[in-house]
Amino acid sequence: QFFVFCHGVLQFSQLLASGFLKSSVSTIEIRYGLSSQTSGLLASFNEVGNTLLIVFVSYLGSRVHRPRFIGIGALLVSLASFLMSLPHFMTGPYEYDQSSCPLVTAGTLSNSTDLCQPEARGASANLSDASCTPHASRENHEVLLVMFVAQVLLGIGGVPIQPFGISYIDDFASERNSPLYLGILFSVTIIGPGVAFMLGSAILRVYVDIDKVSAAEVHLTNNDPRWVGAWWLGFLVAASLVALSALPYFFFPREMPKEVGEVLHTHTHPSVQPKCFPVVLLRNLRHPVYLLVVLAQVNISAMVAGLATFMGKFLERQFSLTASLANMIIGAVNVPGAMVGMVVGGAILRRFQMSLKHCGALCVLGMLLCLLTAFPLLFLGCPTQKVAAGINSFLVLSSGFGPHDMECNAECHCPATGFNPVCGSDGVEYTSPCSAGCRDVNVHTDSSVLNYTRCSCIAGAGFARPGTCGTGCSHLFVPFVVLSCLAGILASTSHTPSFMLILRSIQPEDKSFAVGIQFMLLRVLAWMPGPVLYGSAIDTTCILWERRCERRAACRYYDNTLFRHR
């Protein structure tokens, strides 16, 4: 029982480590200027190290000291988590367009570089180029390298944890208790990501450079599109937890006396004749039920892998949420929903003692109902907010004009890379006060910006407030969350019956091997390509890219309708 407890704690901490990346994807994209394709690739690299070793390790099975191997794997996971947070300490403080933070000195405004300044011709042009040193681009490559290495290590460290833990428990628990113990571990694997999203939500409310700058120097609120939360803190928390939970494993014995239960058997491993690997592989893959069910699971898993990585980002963009709130919703609503579905599916199986045909029917029913509830999600969302500079009124961007080429602000000489969105009194969003042609700024007593005035591009009163206009359809948010949660519950009811289809349609001696192949195929065909495909699809809907040192960085604005449909 102590082993089961330790293993629960370890699996939970390990899932925190891999879950934190998913909860901070949009934040890391902004901080290091990554496209969604790159962040999707980063998320799937976790599976690379895992896939390379999983078959080999499953083959070693009971020939090694399993608890010790689990402990070593856990220490690797801990090291990988620590490496994930390293880029924060390798790079300087996060730099954003500071121009929205005017320093009030003796009643005059200094540092208001973001306003329209017809006389300052050359000054603003150099703003963006100043940060483009060879050092800056080298730093960016180093950051990516460290993160990719960390993800591979995270995958390698995770290899022995689940297979060895489960087989160790199954070997030494009584027949009666074994399903209960495995059920406990299984529920932990689902709760883990939920907690990771909730913790991520809390951590992203803290400013990224909490350790480098004082609170007084931070002029952003977490509603600002330039806000970056302390994404690295989560990885440090996870690294410490995993390291602590690894320690007991070095003290467990190689073999335990079998737990005494109601059913007593002498515990011996039947001597199975070693079979030829390719023969078994072909025999299973030629089995139509096995092959079709595994392919169905591959399709669902690819979808889940993409959604888990980018659902937060999707909610942020569609409904103008903060990263923190989006994570809160996923952790508190969507993840528990999936858990409920799995439990319900298992309960139905147990209650009605279903045959294989019925299992198949239950899977089909669950997926059909899921499709019906998910279909309205195509239409529940918002169009892109109106953005000036022809971002969506003329789509001038695609023909090579930047957002600073409008006639009303032609004399302002706005920096091309400036990004400090303001919302005009006409309900149109501008990428900076300069691009709206604003010449003056009004400031609160605490030196935060109240509004910008005398804006030549805005008709009528001609003022603008700091921050984006938002997509203006928060009323669709609750129906979206309810339907997506319901679709998740219905889809996950097919989880247990689909496993039963696999386990019962295969020759008993092939069972563990068949499950190994199944997970291998899920990794290679679903978990690895899933996030990359989703990220690439999201990138195709971008209408304005941030430029950093002549390279394309993160996306500033998406075509929200296309984003939703794709």
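Glycine residues also receive a Cβ, built from the backbone N, Cα and C atoms like all the rest.
Between the listed ranges 41-62, 525-546, TrEMBL ties the annotation transmembrane segment to 41-62.
Sequence-distant contacts of the transmembrane segment (328-349), counting only residues of its own chain at least 6 positions beyond either end whose CB sits under 8 Å from a CB of the stretch, comprise 23, 187, 190-191, 193-198, 200-201, 311-312, 315, 321, 359, 362, 366, 481, 484-486, 488-497, 500.
Within the chain carrying the transmembrane segment (228-252), a Cβ under 8 angstroms from the stretch's Cβ atoms is held by residues 2-3, 6, 9-10, 13-14, 16-17, 20, 23-24, 27-28, 30-31, 67-68, 70-71, 74-75, 77-79, 81-82, 84-85, 87-89, 94, 96, 196, 199-200, 203-208, 210, 222, 323-324, all 6 or more beyond its ends. If one looks beyond the transmembrane segment (361-381) by at least 6 residues along the same chain, the residues whose Cβ comes under 8 Å of a Cβ in the stretch are 293, 296, 300, 318-319, 341, 345, 348-349, 354, 473, 476, 479-480, 483-484, 486-488, 490-494, 497-498, 501, 560-561, 564-565.
Here the transmembrane segment (289-308) has Cβ contacts under 8 Å with residues 22, 40, 43-44, 193, 356, 363, 367, 491, 494, 498, 501-502, 505-506, 514, 517-518, 521-522, 525-527, 529-531, 533-534 of the same chain, all six or more residues outside its ends. Same-chain neighbours of the transmembrane segment (69-90): 7, 10, 14, 17, 20-21, 32, 57, 139, 142-143, 146-147, 149-151, 153-154, 156-161, 164-165, 208, 231-233, 235-236, 238-240, 242-243, 245-247, 249-250, counting only residues six or more beyond its ends whose CB sits under 8 Å from a CB of the stretch.
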